Every structure is written in C-alpha cells, then in structure tokens.
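First the structure, in the form of structure tokens, and then the observations on it.
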Amino acid sequence: MDTSSSWTAHPRAVAPVAVSLTLEGLAILAVALRFYSHRLKRQGTAAHDLAILVALIFSSGLVACLIAATVIGGLGQHTADLPNPAVQLVQFAKIYLALSPIWGCAISAVKISILLLYISIFRSKVFIRCCYGLILLQSLWCVAVILGSLLLCRPLKMNWDATAEGHCGSTTAIYLALHIVNLLFDVSVGLAPIPVLWQLQLKLWRKIELSCMFALGIAICIITILRINMINDLVSTDLTYSSSTLFLFMILETLLGAILACLPMLRP
C-alpha cells in the first residue's frame, strides 16, 4: 500500500509552520542581539540571559513538534480524511503528549528570565522578594504542567493506544486550570514593575518608554485568552484538525514572549 501521501503537509498546517519558522528566526535574532549588546557594553552573561536561552531552546522544541505533527501526524486534516490513520494518529498522539510539557518549560523560562531581569534592575527589597516568590510559583506551575500531562492517563500509553486498559482524567478541566493560572502570571509579570519603575530617578520619556515596553507583555495575555477559548473548542475525535491553531498559539506565546523579554536589553 502506498503511504507516501501520509507524509505530505496539509495546507491548513502550512501557514502555522511558516509563521512559526519566521517568528523563531526573529527570536533567535533578538537573543543574538541581546548577547551582542552585552558585548558592546562589556557586560557579562547574567542569569536572565541564560534563562532566555533555555526559553529559546524549548520554544524551538515546540516548533519541531508542530513540524513533526504536520509531516507525520496529519495535523490540519480531519481524522476521517487521514490516508494512514492507524500510524498517523499514534504519531500525532505522542507529539501532542509532548507539547504541553515543552510549552510549560518554554513559557516558564521566558517569565523567569523577565523576573530575574527585574531583580537585576530594581533595588526595592519588597519588590525583589515578590519577584523571587513569583519565580518559585512559576517553577511549581511548570512542574504541575509536566506532571499533569504525563500522569493524566495511567498507564502512559493510553494517550496513544486506544486498546490499553486504564484511566484518564479530565483533560479539559486540568488544561483550563493550568492556562488560567498562567494568564494570572502573565498579568503579574507584565504590570508588577511599572509602579516601582516610576519611583526611579529617570527622565520622564525614559520612564514612559520602559513602561510601554514592559506593558507590551500584556499583549501576550490576549494570546493566552484566545488559547483558553480554543481548549473549549477542541474536538477530541478530530484533534488533528481542531488543534492546528492551538499549536500555533502556543508557539506564538513563547516566541513573542522571548522577543519582548529581549527588547529592554537591546537599547544602547
């Protein structure tokens, strides 16, 4: 039997792949310019720089998942239209299982990088303690995402083997809870430094510039809200079709976050 068509990308998934690869290129450029800026200023590599590198690595993993799901998992096609469903659905389910843990690590690394940057800039002891508290909570949330994804179905192979005996929890309920908490972190990280920033001895235009730059992080919240709505719209019997946009938005959130996290470091 000829299965070559199962390895062909569906048009519905081509656009997300193109957008993701373009954005990944911009994120790599932003991180490279960040380190180049440090070199020009003769500054060493800080913890927040290493964190954004970790974020970029995991974000690249998300892009790899999208490409793999498109090429071998039938992403973008209706399940009923898959040319080789027995193979493609198993491949897709395995990739889908890896998606959330990788996303959790990527988005956590982005926010931890931003919080570590705050700690290096601001001198308020109360604010610094709050930042460390948020780093701890974000790290615990990341662990919850990983464990929630891997322990949702027991045994693990139930995620891709419909014949396996076991039990699965409510995927929608767990994912919604984790994504709502993530949204709260987005708001906290985006708005937290603005009141402290205006207490610094800076020119007014510089305060406005930095406030707008930090507030850009709130734009990520819009992506998060849209993605929360997408979770409700997922069709469990047709995930290869209904989850293509979800893949893209998870990548947008992490890569845009990485780019925004680099902007304050690029100014001469």
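Each residue, glycine too, has its Cβ placed from N, Cα and C.
Any TrEMBL annotation is an automated prediction that lacks curation.
Record features, source TrEMBL:
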| type | residues | note |
| --- | --- | --- |
| TRANSMEM | 13-37 | transmembrane segment |
| DOMAIN | 33-268 | domain 'Rhodopsin' |
| TRANSMEM | 49-75 | transmembrane segment |
| TRANSMEM | 95-119 | transmembrane segment |
| TRANSMEM | 131-152 | transmembrane segment |
| TRANSMEM | 172-198 | transmembrane segment |
| TRANSMEM | 210-226 | transmembrane segment |
| TRANSMEM | 246-266 | transmembrane segment |
Positions on the same chain near the transmembrane segment (246-266), where near means CB under 8 A and six or more residues out: 16, 19-20, 23-24, 26-27, 30-31, 33-34, 37-38, 52, 55-56, 58-59, 62-63, 65-66, 69, 75, 99, 103, 106-107, 110-111, 113-114, 117, 210, 213-214, 216-217, 219-220, 223-224, 226-227, 230-231, 234
Chain residues outside the transmembrane segment (49-75) and at least six past its termini with a C-beta under 8 angstroms from it: 6-7, 9-10, 13-14, 16-17, 20-21, 24, 27-28, 31, 34-35, 38, 82, 85, 88-89, 91-92, 95-96, 98-99, 102-103, 105-107, 109-110, 112-113, 116, 240, 243-244, 247-248, 250-251, 254-255, 257-258, 261-262
Within the predicted model, mean pLDDT of the domain 'Rhodopsin' (33-268): 87
